[in-house]
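The following features are taken from TrEMBL:
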type: DOMAIN; residues: C:89-295; note: domain 'Cytochrome c assembly protein'
type: DOMAIN; residues: C:315-638; note: domain 'Cytochrome c-type biogenesis protein CcmF C-terminal'
type: TRANSMEM; residues: C:6-26; note: transmembrane segment
type: TRANSMEM; residues: C:47-68; note: transmembrane segment
type: TRANSMEM; residues: C:96-114; note: transmembrane segment
type: TRANSMEM; residues: C:121-142; note: transmembrane segment
type: TRANSMEM; residues: C:177-197; note: transmembrane segment
type: TRANSMEM; residues: C:274-292; note: transmembrane segment
type: TRANSMEM; residues: C:312-331; note: transmembrane segment
type: TRANSMEM; residues: C:352-374; note: transmembrane segment
type: TRANSMEM; residues: C:394-413; note: transmembrane segment
type: TRANSMEM; residues: C:450-469; note: transmembrane segment
type: TRANSMEM; residues: C:490-514; note: transmembrane segment
type: TRANSMEM; residues: C:616-636; note: transmembrane segment
Amino acid sequence: MRVDLMRRLALVVALLVPPAAFAAEAEPLAADPALEERVMQLSHMLRCLVCQNQSIAESNAPLAVDLRNQVREQFVAGKDEDAVVEYLVARYGDFVLYLPPFKGTTLVLWLGPVLLLIGGAGWLAWRLRRRVTEAAPPLTNDERARAAALLDGTANTSQEPRS
Amino acid sequence: MKAKFLVPLFIFLLLAGFLGYGLKLNPRELPSVLIDKPAPQFRLAQLSAPDVAIANADMRGQVWLLNVWASWCVACRQEHPVLNGFSRQKVVPLIGLNYKDGADDAKAWLREHGDPYDTSLVDADGRVGIDFGVYGVPETFLIDQAGVIRYKHIGPVTPEAVRDVLLPKIAELKRAG
Amino acid sequence: MIPELGHFSLILALVLAFVQAVVPLVGASRNRLALMAVGRPAAQGQFLFIVFSFGCLTWAFVTSDFSLQLAATNSHSETPLIYKITGVWGNHEGSLLLWAMSLSLWTVAVTVFSRNLPDVFMARVLGVLGCVSTGFLSFTLITSNPFDRLLPGAAQGRDLNPLLQDPGMIIHPPLLYMGYVGFSVAFAFAIAALLSGRMDAAWARWSRPWTTVAWVFLTSGIAVGSGWAYYELGWGGWWFWDPVENASFMPWLLGTALMHSLAVTEKRGAFRSWTVLLAIGAFSLSLMGTFLVRSGVLTSVHAFATDPARGLFILALLVLVIGVSLVLFAWRAPTLSGGGSFGLVSRESALLGNNVLLAVASGSVLLGTLYPLFIDALNLGKISVGPPYFETVFVPLMTPVIVLMMIGPFVRWKGDDGDRILRKVAPGLVASAALGLGLAFAIGHVSWRTVLGLSLAAWVLIGSIQILVQRIADRRGAAPGARLRSIPSSWWGMWLAHLGIGVFIIGVTMVGSLNTQIQVKMMPGDTAQLAGYTFTFRGVKDSPGANYAAARATLDVTRGDSKIATLNPEKRFYQAQQMPMTEASIDIGPFRDVYVNLGDQLEDGAWVVGLFYRPFISWIWLGCTLMALGGVFAAADRRYRRLAEREVPVGAAARQVA
């Protein structure tokens with residue numbers, strides 16, 4: 001949720017470039033573009049409760065607009081990202097967060113991929129070790145060779161390796 | 001049949017069980033996190049008397065209902081006759097929270113459809129609504145003598161909801177208090 | 001009258017699907033050639049009836065027959081012709097019919113292009129496909145009949161959702177469905193092989209081109225869908241990890257694993273039970289995607305209007321199809337052990353390693369997508385799992401896949417020397433890491449994600465060059481041109497697809513690191529600056545379309561003194577649907593997109609304009625195009641054609657084997 005310094009700088013630079021002489025420089029919609037950037041960054045992490053799976057940054061539903069205003073007001077009042085998140089969670093619950101917090105009910109969610117990875121790696125290691133030691137069953141191999149030879153058109157194409 | 005080859009089948013059946021159960025759930029209904037917590041602080045003007053504000057303290061000592069409504073809310077029309085009937089029974093005070101509405105529109109709407117509310121509080125900018133975790137209108141909160149939220153009904157109140165849920169809960173709270 | 005013909009035709013198709021499901025399977029089990037031979041004509045007849053039925057539905061849309069419920073709710077007499085046609089599948093019922101038509105098309109393709117398959121095997125494949133088709137056609141007819149009448153007919157239709165009135169939506173659903181459904185062929189081959197109890201290199205070779213072509217469709221379908229989201233949703237984003245997007249991405253991941261696993265099974269006869277499981281898994285995830293999109297168990301921007309009764313029907317279908325397959329798997333797979341042996345360091349190990357990682361990634365996406373449902377079902381509350389979660393989990397899982405992906409092609413089949421491989425790849429890996437870090441500094445955005453992304457992309461590019469050089473060097477003696485020509489098409493396919501992933505990563509990393517945007521209030525003549533570009537607002541004109549009113553703005557984009565583009569973003573209002581829409585206007589460039597959308601008009605007459613700078617974003621789709629192209633090359637390899645030409649001997653040989 002940290003605001004990207006470079007992005008902010010780029011924005012500031014973009015705004016400081018002097019406008020062409022004949023035209024007026026358009027005003028940013030937000031009074032404070034840097035603040036707006038921060039509001040939008042956080043808004044992308046927050047779910048619009050009445051929408052079909054959109055963040056409050058993407059939605060223009062009245063509640064999403066209200067919540068964005070809340071976020072902005074609280075930033076202006078000097079609260080940081082964590083405090084704003086806490087404020088919203090106190091009212092709407094974890095449902096409002098697109099990044100679920102790490103706690104009892106999300107244990108499987110957060111550890112699941114790690115466990116899957118460990119399980120997969122373990123199975124892989126076991127499988128490979130077994131594979132190295134075991135000999136191929138002769139019958140199947142024989143059949144496989146026969147089929148492969150017939151399918152390949154035997155030796156005349158074998159100089160063309162396929163990979 | 002080696003056991004390990006049954007693993008995919010079991011995982012799938014478990015998943016299918018959850019998916020089947022999921023058909024009965026409503027992914028869009030969000031239970032309130034404020035249940036059994038003190039109602040948020042508010043101090044709001046009344047629709048009929050803009051100069052007289054009402055705050056939490058004014059409701060202390062009694063069980064009451066807070067119904068969030070607005071003249072632009074279509075589903076509110078559906079529940080309105082139910083609320084009218086409910087208020088005639090004079091069980092508990094029914095306070096309206098007129099959410100993000102214009103005062104004139106709101107008053108006209110009450111004249112047209114009847115006014116079941118003991119009074120309606122004006123939440124023009126929706127701030128108190130956010131404090132209550134309101135995400136859709138109508139919503140109805142049941143608040144006890146100590147000012148703690150005991151129950152939240154999401155969506156239009158139906159006669160069945162009044163009979164089977166709200167009235168028993170109110171009676172229970174009154175007994176306890 | 002015409003809708004009734006379509007309805008009737010669909011019923012006939014169901015009857016034929018049932019015949020196709022039962023008769024050949026019975027024939028195969030009793031070894032009766034006459035019964036087995038029924039499969040092919042049944043499949044072809046079924047296809048004709050479905051196409052006719054689909055044509056009838058399209059006719060009702062094109063002629064604005066609003067006595068047809070579906071046309072009345074999804075079309076309008078003023079809708080442009082092309083969107084009348086695409087409106088046919090812009091809804092639940094019609095898209096199911098499209099699903100069934102794709103399945104039928106694949107089946108017919110199997111009957112045409114795999115004539116050399118042994119009769120018993122072919123009968124089983126067609127039987128399995130017939131079962132799936134029977135399930136989906138009865139689902140369509142029983143719960144979602146597209147030919148329901150509206151009595152009395154409506155005077156005017158309600159029009160197609162404006163979001164879907166877009167060129168991207170013309171091809172996205174057909175491509176995606178061809179991809180989803182295409183995995184049914186690999187699935188049917190796997191089930192047929194399980195039924196016969198024999199699966200060998202020949203089986204893998206038959207499956208491979210089909211799987212690859214399905215994967216090409218799925219890749220293209222996902223890419224087009226993401227492109228549509230990019231310019232139509234108006235936020236400049238291209239992937240949202242929405243449940244419906246995930247539903248297409250999970251089969252893609254498993255399908256990718258399947259393609260690679262099939263390669264090993266074909267060449268070395270190994271991983272057979274794993275390959276079968278992947279074939280079942282890829283198709284199962286496609287089916288589950290259908291369930292997720294249509295049942296309403298998850299909220300999504302893209303979901304169809306949902307209905308629990310339909311959900312229950314698909315779930316039953318899902319349990320039947322997948323459950324039976326997995327029972328069959330548990331019963332027959334234990335006999336499939338064996339195959340060629342290989343060393344710890346070998347091409348086989350590398351491919352299996354990547355397979356496992358892709359499966360884990362797919363499983364993690366599934367976990368994240370369904371987790372809110374699990375928690376809700378266990379009454380533990382409501383939570384949301386969104387893009388930040390998936391990005392956190394997915395990047396670390398895919399990193400080793402990308403690294404291993406470029407090591408694999410250096411490793412020999414059967415067994416190789418670990419030190420030799422290390423000597424080959426270590427310089428490239430070190431150089432990539434250094435390059436990634438250097439580039440991150442050069443673009444002035446040093447975050448771990450940028451460094452990682454650029455390093456991985458550098459590794460893919462360096463590795464690709466290295467592989468190509470080695471491949472050419474392997475043929476000593478021949479002239480360079482002859483060496484290049486001797487490389488088979490499938491190798492180029494692999495090379496291109498892997499290169500495409502590198503290009504894709506560049507796009508993702510650059511746009512994630514350097515994109516900028518700003519919303520400004522503009523009056524005619526006003527200018528705004530973003531990322532070195534000057535935007536001059538020329539004003540707004542009315543520009544009505546056939547079924548919408550629109551305000552069309554004109555903005556000149558300049559950079560320094562040179563004019564770059566004139567952009568015309570629109571704000572539309574679709575009358576029939578009473579829905580406002582923003583149409584972004586984009587100047588697409590090789591190294592950046594400049595993206596403009598038009599917001600509301602303010603009280604003082606100024607317009608809200610969103611300006612977006614998206615560096616390298618087209619590389620995302622360029623990468624997907626290369627991947628798909630790679631798939632086309634792989635599937636077009638000569639040896640599959642030779643397979644088709646040598647019909648008689650192969651058929652006889654395979655019959656001996658099977």
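Cβ atoms are placed via backbone N, Cα and C, with glycine included.
Automated prediction, rather than curation, is the source of TrEMBL annotations.
Predicted-model confidence for the domain 'Cytochrome c-type biogenesis protein CcmF C-terminal' (C:315-638) is 91, expressed as mean pLDDT. Between the transmembrane segment (C:96-114) and the stretches C:6-26, C:121-142, C:177-197, C:274-292, the greatest number of Cβ pairs separated by less than 8 Å involves C:121-142. By the count of Cβ pairs under 8 Å, the stretch nearest in packing to the transmembrane segment (C:274-292) among C:6-26, C:121-142, C:177-197 is C:177-197. Outside the transmembrane segment (C:47-68) by six or more residues, the chain places 2-3, 5-7, 9-10, 12-13, 16, 74-77, 81, 84-85, 87-88, 94, 97-98, 100-101, 104-105, 107-108, 137, 146-157 with a CB less than 8 A from a CB of the stretch.
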